[in-house]
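Below is one structure, written out as structure tokens; the observations come after it.
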Amino acid sequence: MTDRTLNKTEPRYTAGLAGFVADWSSDQRAFKNVSWGKAMMWILLLSDTFIFGLFLVAYMVARSSTPETWPNASEVFALHIGGADIPLILIAIMTFVLISSSGTMAMAVNSAYRRARGPTALLMLATALLGAGFVGMQAFEWSKLIAEGVRPWGNPWGAEQFGASFFMITGFHGTHVTIGVIFLLLVAHRVWRGDFDLDRRNWLSRGNGDYESVEIMGLYWHFVDLVWVFIFAFFYLW
Amino acid sequence: MVQTPMRHPPQARTAGHHEGQQHPIRLYLLVWGLLFVLSAASYLVDYMQLEGGLRWSLIVIFMMLKAGLIVAVFMHMAWERLALGYAILLPPLIILILVVIMVLESDYTLLTRLTAFGAR
């Protein structure tokens, strides 16, 4: 394994800005001490950043170029609980659920690097359950809005572009969460089964306690949470 | 040559992986708590019906703080080498240029719509 030979002769790298220049102008690898798996996940996330960035810019254009009034998110997403309309409450709960899932994922990564197989799998399972809960609440929100007459081409409250922006942005984010849940379950299952502790290379792991895939999975999951931070601010609060 | 500080505790440097990111649980819990507080704060901005510049600036400040905490601590960017950090974090900034262009463009579209279809 090239990686393991690298490990033995791993040189001390230059720190700071000089190190940045040295890394980028060096042979073979620009990203020292970052595995290809992690580097590729970061590059995927970078391209995803552009996709969501462009969705949000498109939403901004739709909203700021229309003379119609934009539906008030605070009222549109209010829920009637206990005889009073609580503004934005479902979205707030969804936000807390997703942040909690990010927390459990961070703990899973921590357990993974301690090679605690059980806790890692269980924490990833908890993350997946919270993620599934988030998607469930989003499905509820979609059905509620569709029942109230929101369509991509119109809605009862104002600017027609509201529906298109809403379904596109939250739909794409929800798809990301769903994919994340599926992969979390998959990785958690393999961790639980002990694949990562085998004395041989296998899918997702170099074996012998190489739990890096859990961290890479975590990168994706935290990114999903990160995107929600921006959607929450720009779409729901703005 | 400046040496990088030891970022990996001993157990993460042993066989199999030399690129692990092991950090204290306390730090994760602290960030988790901070994210909860910041989310609650941004929800309160809406709940208390703050308006105008105060609303926008609070929303953006809380958003940037949350994003920064997630990327730096949960995604470990604070401990990665600058080569990776710059490659990932700088390119998205060009979206800001697109934002500026599109703000100008949508102002123009709005003006055209008001002129052509009448003010409301």
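Residue numbers in this text run from 1 along the chain shown.
Even glycines carry a Cβ here, placed using N, Cα and C.
When pLDDT is averaged over the domain 'Heme-copper oxidase subunit III family profile' (A:41-238), the result is 94. The domain 'Heme-copper oxidase subunit III family profile' feature in TrEMBL is assigned to A:41-238.
Positions annotated as transmembrane segment by TrEMBL: A:39-62 (among others). Residues 31, 159, 161, 164-165, 168-169, 172-173, 176, 216, 219-220, 223, 227, 230-231, 234-235 of the same chain lie 6 or more positions beyond the ends of the transmembrane segment (A:39-62) yet place their CB under 8 Å from a CB of it.
What TrEMBL lists as transmembrane segment is A:86-109 (among others).
Taken from TrEMBL, the feature transmembrane segment covers A:121-142 (among others).
The transmembrane segment annotation in TrEMBL covers A:162-188 (among others). Same-chain residues lying 6+ beyond the ends of the transmembrane segment (A:162-188) with a Cβ under 8 Å from its Cβ atoms: 48, 51-52, 55-56, 58-59, 62-63, 70-71, 98, 120-121, 124-125, 127-128, 131-132, 134-135, 138, 141-142, 145, 150-155, 204, 213-214, 217, 220-221, 224, 227-228, 231, 235.
Outside the transmembrane segment (A:219-237) by six or more residues, the chain places 38, 41-42, 44-45, 48, 52, 56, 59-60, 73, 77, 88, 91, 94-95, 98-99, 101-102, 105-106, 127, 131, 165-166, 169-170, 173, 176-177, 180, 183-184 with a CB less than 8 A from a CB of the stretch. If you look up TrEMBL, you'll see A:219-237 (among others) marked as transmembrane segment.
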Which bits of the chain, at least 6 residues beyond where the transmembrane segment (A:121-142) starts or stops, bring a Cβ under 8 A of a Cβ in it?
77, 90-91, 93-94, 97-98, 100-101, 104-105, 107-108, 111, 167, 170, 174, 177-178, 180-181, 184-185, 187-189, 191-192, 214, 217, 221, 224
